[in-house]
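Database features (TrEMBL):
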DOMAIN    B:21-240  domain 'MacB-like periplasmic core'
DOMAIN    B:277-390  domain 'ABC3 transporter permease C-terminal'
TRANSMEM  B:23-42  transmembrane segment
TRANSMEM  B:273-298  transmembrane segment
TRANSMEM  B:319-352  transmembrane segment
TRANSMEM  B:358-380  transmembrane segment
Amino acid sequence: MLHVEGLKKSYKTGDSELPILKGISLLVEKGEFVAIMGPSGSGKSTFMNMLGCLDRPDTGTYMLDGIEVSSLKDRQLAHVRNQKIGFVFQSFNLLARSTSLHNVELPMMYAKISKAERRNRAIEALKRVGLAERMLHKPTQLSGGQKQRVAIARALVNRPAILLADEPTGNLDSRSGIEIMAMFQELHAQGVTIILVTHELDIAQHAERIVTFKDGVIIRDERVAERLFAAPSGEVIVT
Amino acid sequence: MNFLESFQTAVEGIWANKMRSSLTMLGIIIGITSVIAVTTLGEGGQRAINEEMEKFGRNNFNIFINWDTKEEHSNDDLTVEDAEVLTKISPAIEYIVPYNPSTVEMKGPKKEERVNLIATTADYFPMLKTTTKLSKGRFFNHTDDKEQRAVVVLEEALGAKLFGQINPIGQRVRMGNNSLVVIGTYTEEKFKFDMGAESYGAFVPIRYSQSLQEEPYVQMLMGTAVDQASIEPAMQQAKQYLSRKHQKKDHYMARSMQESVNEFNQVTGTLTIIFSVIAGISLVVGGVGVMNIMLVSVTERTREIGIRKALGARRSDILIQFLIESVIVCLIGGLIGVLFGLGIASLIAYFANLPPMLSWNSVIIAFAFSSAIGIFFGLYPANKAAKLDPIEALRYE
């Protein structure tokens, strides 16, 4: 599903090159729920940008759903982002002036899906995250947890190959955070491939597998021994 | 994203910043208003004056002496007989008459008035049929002219000035030491754009007028061709005949009303262009305002651009979104500007006594111009937006 091999990336700061990723290799199978952890500066955000096709590696290969994306042009990358990747951001990144419905419709507009189908699918996606009755609300009229659920609906609406979540609970209170994790786990149960970046261990433990970054390399990659399960009500169930 | 949706997105963007958008539009409005007002007035005024000039003799032409020639001049270089012969022999000429204008003092029982007196032949009256109407009595005829009768035809208003309530027909007016009998009065449609002071006109037979001169002369010939295509041949035939008759090669010049109209059009056309360019400068300033605001808008919406890119918007999607936005601002500004411009033009036309006018050309040009300005000045900001790096755009606070 997702196969990264020997990924390197460095940034120029003045005259010197600052290496951020020093050769990352990672294989994520379809339907996996992977958490990426690491302190700030470990390169996990840069890695996320690579996975999200927002940036290109200097060297290395990146296969996503059968496509070698590291050599694609801007235009093709935009298409991959649109079709294969669903983003969930820490700061929600909803269009402030638009309704939930319009926000969820947006990726389908760039996919040139007809208006009627777009509407149906957007409503469907909002139902899936339990916000059907709030589809005409604007982001300012929604709570943080609700905003993030709109963002999840938006991320899923084009049926992407992977869901990339970058600190999705970072701006939420713990209860809303757990609700979001419950949603991820539910989606995972439905077969969605999820990659979650976080620096909080108790969030990461909701995933099946934790990959830990440090100084631009992966230092640990292991299955979660004590997995946490979040109830939709916002309570954590330890197994 | 299809065009309609890009259009909707752009309209939402404009609507979200109503105040700013309308201020930006103001620059375009002022620019288009001035361009439209200038071109409409220019074109409309030109048309009105041309129509007027045509009414006063579309096929007319003048024959006069070339004073710059080295050939010797004499008082009989042009004669009354020349005109009479030319009218008979030239197929292209309908009428051609001698024309001696002068300013004289005329005295009636009531008053003395300054008069623009024209000495000519009877053929002149049919040439004036579109503008001059006999109101009492008659015009003079060929016999009056041949016999050098001291008769005069007065403008009706002049008759009223000189004679008051008395019917001037059959009465006498004094002109210097001479006494003339009034045989008719006429009314004439004045040339609408003649800014000269009110003055009255009168006609006398040219042979009578010449009988008063010590050295009789004819100042110029005024002719009318049978139709528009005959103007050139008519002038050629007149010049050829005169050259042969007087044995003077380089002595006669001809000029048609058409040429004067063309020259006038050239001058006013140039003026209109000059003023349009000046007005156009304000349009460019308006365009710079659009660019300025679009740049602010792009910066402000950096994050939105980042979101759209992350969700799959291509560069072209972003470019088109912002370009449509600036074009819409300019087009709305253009529309309002056209309305204002036409309003101002008709207001000026109303006070300047010009007919109401609407120049579709300038309306079309104004719309083409405002879209062009929208594209030209919108392109740089839109391109800036399209080129934004999605990662940095998403990080932008």
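Glycine is treated like the rest: Cβ placed from N, Cα and C.
Counted with DSSP, the domain 'ABC3 transporter permease C-terminal' (B:277-390) comes out as 99 helix, 0 strand, 15 coil.
Non-local neighbours of the transmembrane segment (B:358-380) in the same chain are 28, 32, 35-36, 39-40, 43-44, 280, 283-284, 286-288, 290-291, 294-295, 322-323, 325-331, 333-335, 337-338, 341-342; each lies 6+ residues outside the stretch with a CB under 8 Å from one of its CB atoms. In the predicted model, the domain 'ABC3 transporter permease C-terminal' (B:277-390) shows an average pLDDT of 89.
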